[in-house]
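Q: Attaching a single structure in structure tokens format; questions to follow.
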Amino acid sequence: MIISSASDYREAARRRVPPFMFHYADGGSYAEQTLARNVSDLENIALRQRVLKDMSELDTSIELFGEKLSMPTILAPVGACGMYARRGEVQAAQAADNKGVPFTLSTVSICPIEEVAPAIKRPMWFQLYVLKDRGFMKNALERAKAAGCSTLVFTVDMPTPGARYRDMHSGMSGPYKEIRRVLQGFTHPFWAYDVGIKGKPHTLGNVSTYMGRQIGLDDYIGWLTENFDPSISWKDLEWIREFWEGPMVIKGILDPEDAKDAVRFGADGIVVSNHGGRQLDGVLSSARALPPIADAVKGDIKIIADSGIRNGLDIVRMLALGADATMLGRAFVYALGAAGRQGVENMLDIFKKEMRVAMTLTSNRTIADIKPEALVDLSKL
């Protein structure tokens, strides 16, 4: 099929990847209201076109935590990303590296830190959950530091897993899930060969390395449910700082008071995020949560936004709403599932081109020029 946008990659991934993996990325929690709102709230914000300004010199690059990014985006941490393409985390990291943006490795990746880090030139970011096993957390931080990871992304909106009903229907969880996955593999032969056979081992690489035994996909949801720690508090940041001296970003902030706490406890950045609508359904979209958070802490801490970004125009919208940078999750997973590393590289090219068009026609030469005045909220008209 012809690929011209991220939505095309979604359709290509739907055809190529078996349902249990496609819907794991595509779905949200409960009735998926927040998942839908993340997208629709961005769509309801129009860009203010401005003309007759010299836009011959345009720059999409930024500097973030001492790193030069070719565009204001980071590939977000995605669990089990290695199930979308053969050794998928390596391919996605190489694509990001080639396009000049950071890749964030998930705690629950298929490929371990030690496999991904040597495959790229620029330092990757590493994402960490608060887990009951503090020994694992300490081990993961030490390994990330030894591998040269530059920034820690500390995810705080998963003290307990969200209820993702779609996963039960698709075969990721629910009754007879193993049999259903095998049958789906038969109807998706390319994926079955490329990932199912050539992409082994299908284990949680970082966890398996620490445990000294294989923690496979069948154990994935159960392991997470058993190990997420509902006692998570701001004091955990102090504990993490004992083992991590580099930049630390708190992911999962939706309230201005939490953003202020992140500043007070010494975080270097926050990610305004509702986990892509995969945790608590019914919460604010990131687009709606972002402006009051920016009003509260802009300039005191770096603000990154994710959830609902489907094209380069959405990146510009998030920047105008107050973000310093953005994270992409589903968009790159669709591209990875559809076409591997080349798909992710092409997706980033598409987003960058869309950004450049939007910046040109809103008369913003640099990322720093993008302000709230570039937007019109259609819901208020």
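A Cβ is built for glycine as well, from the same backbone N, Cα and C atoms used for every other residue.
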Q: Going by the substrate site in Swiss-Prot, where Tyr129, Arg164, Arg278 are listed, which of the candidates Tyr24, Tyr334 is also part of it?
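A: Swiss-Prot lists Tyr129, Arg164, Arg278 binding substrate, and from Tyr24, Tyr334 it also lists Tyr24.
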Q: Express the distance between the Cα positions of Asp306 (FMN binding site) and His275 (active site, proton acceptor) as a whole number of Å.
A: 8
Q: Determine the Cβ neighbour count for Arg330 (FMN binding site): the number of other Cβ atoms within 10 Å of its Cβ.
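A: A count of 26.
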Q: Out of Tyr24, Tyr129, Arg164, His275, Arg278, point to the one nearest Gly322 (FMN binding site) in space (Cα versus Cα); all of them are recorded positions in the record.
A: His275
Q: Which ones in the same chain are close to Tyr129 (substrate binding site), with CB under 8 Å and 6+ residues apart in sequence?
A: Thr107, Val108, Thr155, Met158, Phe228
Q: Grab the pLDDT values for the domain 'FMN hydroxy acid dehydrogenase' (1-380) and give me their mean, rounded.
A: 94
